[in-house]
Amino acid sequence: MSAAIETVASAARTDAPPAITLDRVNKWFGALHVLRDISMEVALGERVVVCGPSGSGKSTMIRCINRLETHQDGRILVDGKELTDDVRSLDAIRREVGMVFQSFNLFPHLTVLENCTLAPIWVRRMPKKDAEALAMEYLTKVKIPEQAKKYPGQLSGGQQQRVAIARALCMKPKIMLFDEPTSALDPEMIKEVLDTMVALADTGMTMICVTHEMGFARQVADRVVFMDRGEIVESGPPDTMFNSPQTDRLKLFLSQILRGH
Amino acid sequence: MASDTTTTQLAVATAVPEAAPRTPPISVIGPIAWMRANLFSGWISTAVTLALAYLIARWVIGFVDWAFINAIWSVPNNQTQACRDLRGTGACWAVVTEKHRFILFGTYPYEQHWRPALVCVLFVGLYIVSAMRRFWRKELALVWILALTAIGILMWGGILGMPYVPQERWGGLPITLILSTFGLAFAFPLAILVALGRRSKMPAIKAICVLYVELIRGVPLISLLFMASVMFPLFLPEGMNIDKLLRAQIAIILFAGAYLAEVVRGGLQALDKGQYEAADALGLSYWHKTSFIILPQALRLVIPPLVNTFIGFFKDTSLVLIIGIFDLLTAGKTAIVEPAWQGFGVEVYITIGLIYFCFCFAMSKYSQGLEAELNRHRRR
């Protein structure tokens with residue numbers, strides 16, 4: 001199973017240009033150096049899980065990829081295009097990159113269906129009927145088509161997060177970013193969201209996922225990236241990373257995570 | 001096997017409370033219970049209740065005596081002697097009966113009063129239609145344009161066999177409604193643009209918006225009105241003259257715009273940052289994000305302070321009296337200048353107050369309903 005995934009990933013790595021390239025990216029919040037010389041490539045179809053203690057810069061890094069945060073030094077290329085201040089190219093990149101947030105960030109004044117159709121209608125210029133059909137297709141995939149007419153406030157946390165995934169998928173993105181998608185959920189709802197993400201991974205979507213769910217990392221990740229204090233400390237296939245960590249920082253982190261479980 | 005025992009244990013455990021279903025405690029309700037709890041809960045409370053009840057009853061009886069029982073409702077031919085004899089004991093509503101058309105329509109030609117009356121009806125109709133959610137679509141803008149055009153034609157005349165009436169002769173309630181309706185209809189979109197501009201990343205736009213808000217807010221409305229009516233014409237080329245009402249109208253729009261802009265900005269800032277980020281992440285453009293995601297939520301958040309400002313400005317239009325425009329309040333004041341009717345200010349002011357109250361109370365009530373309706377999605 002994992003061997004098959006690796007061959008697919010390596011095949012993609014040789015042929016196509018990388019989906020995402022980070023080249024010596026630096027960022028400061030005031031005097032605080034939150035990203036230090038981050039360099040990383042993500043191939044098309046690759047699934048990367050980013051983990052690390054809180055404050056390690058993993059969320060900031062993922063938010064730089066669709067420019068919710070701006071990096072101050074280095075280069076970021078998404079789908080071959082460099083991220084700059086140019087609004088047009090930025091909008092073009094954001095169209096291809098879906099994002100799922102820790103706090104869902106659904107639009108509370110719109111129904112679930114309207115949440116999903118808004119961007120396809122206005123950004124992709126899709127006819128309303130087609131957009132609704134597409135939205136229902138993805139809502140079915142995340143297993144909540146019956147909630148389409150409800151407002152987000154009427155759903156449970158797990159259902160809201162699945163709507164958020166469907167909303168991002170309705171834009172047919174090439175890359176999906178997940179920023180701690182299960183951290184705000186009650187324990188009994190984590191599984192339904194992870195199941196949805198596993199199903200998505202099985203379709204060959206390029207995914208970068210910031211999460212502490214090590215089981216998920218083992219199950220779907222091609223590569224695990226461990227960050228601490230703004231730098232990438234170690235990265236590699238999940239089995240190697242979790243079974244034989246090389247650095248003390250990763251050992252410490254893993255022992256803390258495992259104690260927590 | 002083990003699971004079997006757990007199931008039986010569970011069944012037993014759930015069966016026990018079922019044997020004795022508990023009802024919620026009986027709540028004490030009804031007016032007598034309420035009064036006992038809130039008005040007569042102790043001897044101090046009882047004493048305060050009785051004392052206040054006595055004062056209120058005395059005041060109400062006194063007012064009813066004055067306003068209804070001893071009141072004079074009409075007098076023949078401006079003979080106000082009967083009214084003067086009753087000073088202090090009874091109201092002289094005759095002044096309102098006699099002068100109501102002047103109070104409502106000012107110096108507008110008497111035989112043409114149906115025109116401003118129709119204008120008032122049109123305004124109220126426009127408010128009612130605009131208030132209904134089922135009419136909230138693009139056609140409503142057309143209805144507004146048509147209604148406001150009709151109002152202009154009715155007030156000025158000069159066509160369709162209606163004689164021309166210069167703006168100097170307009171007065172009373174139509175002036176109040178024109179100033180506040182046009183004022184808020186233009187000030188509100190202006191305020192939204194200024195509020196957005198104040199949060200803009202473009203320094204020039206931001207600076208202009210900050211300057212506008214701070215300059216206008218730092219000056220009393222009266223001085224703005226003075227500037228509009230006295231100073232502004234001095235800067236105009238010889239022979240060119242802009243209507244006085246229009247100048248006052250622009251001053252009111254600019255003033256209301258600055259205040260409303262700050263209210264709207266409050267809503268923009270109160271909105272969760274995640275909403276902006278989610279819209280950005282979907283690739284929505286600035287205007288799509290603003291009009292579909294940000295404004296609908298931000299404006300809902302600020303309905304109470306928005307309506308507060310609306311109501312304030314409805315009443316502030318009465319300040320135009322200082323530049324000689326006859327709004328409702330000024331018309332009422334002028335109505336009692338005539339020697340025969342001097343000294344009956346209280347009755348006239350109560351009447352005018354009631355008219356203002358009707359409009360303001362309607363706005364307030366409507367906003368409460370709208371708030372509940374629009375925030376329904378927050379409820380579970």
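In case you wondered, yes, glycine gets a Cβ from its N, Cα and C as well.
All TrEMBL annotations are machine predictions without curation.
Look at TrEMBL and you will find B:173-367 tagged as domain 'ABC transmembrane type-1'.
Look at TrEMBL and you will find B:39-61 (among others) tagged as transmembrane segment.
Residues of the same chain lying 6 or more positions beyond the ends of the transmembrane segment (B:113-129) and with a Cβ under 8 Å from any Cβ of it are 101, 104-105, 135, 140, 143-144, 147, 150-151, 154-155, 157, 162, 165, 170, 172-174, 177, 181, 362. The transmembrane segment feature in TrEMBL is assigned to B:113-129 (among others).
The transmembrane segment annotation in TrEMBL covers B:141-165 (among others).
Taken from TrEMBL, the feature transmembrane segment applies to B:177-197 (among others). Using a Cβ-Cβ cut-off under 8 Å and counting only residues 6 or more beyond its ends in the same chain, the transmembrane segment (B:177-197) has close neighbours at 119-120, 123, 126, 144, 148, 151, 155, 205-206, 208-209, 212-213, 245, 248-249, 252-265, 268, 290, 295, 310, 313-314, 317, 320, 327.
Annotation source TrEMBL lists transmembrane segment at B:209-236 (among others). Long-range Cβ contacts of the transmembrane segment (B:209-236) within its own chain (Cβ-Cβ under 8 Å, at least 6 residues beyond either end) map to 194-195, 197-198, 200, 242, 244, 247-248, 250-252, 254-255, 257-259, 261-262, 316, 319-320, 322-324.
As annotated by TrEMBL, transmembrane segment applies to B:248-268 (among others).
Proximity of distant same-chain residues to the transmembrane segment (B:348-366), defined by a Cβ-Cβ separation under 8 Å and at least 6 residues beyond the stretch ends, is recorded for 95-96, 99-100, 103, 127, 131, 173, 307, 310-311, 314-315, 328-329, 332-333, 335-336. Per TrEMBL, the feature transmembrane segment maps to B:348-366 (among others).
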### Task
For the transmembrane segment (B:141-165), find every same-chain residue at least 6 residues outside the stretch whose CB is under 8 Å from a CB in it, and list them.
108-109, 112, 115-116, 118-119, 122-123, 125-126, 129-130, 135, 174, 178, 182, 185
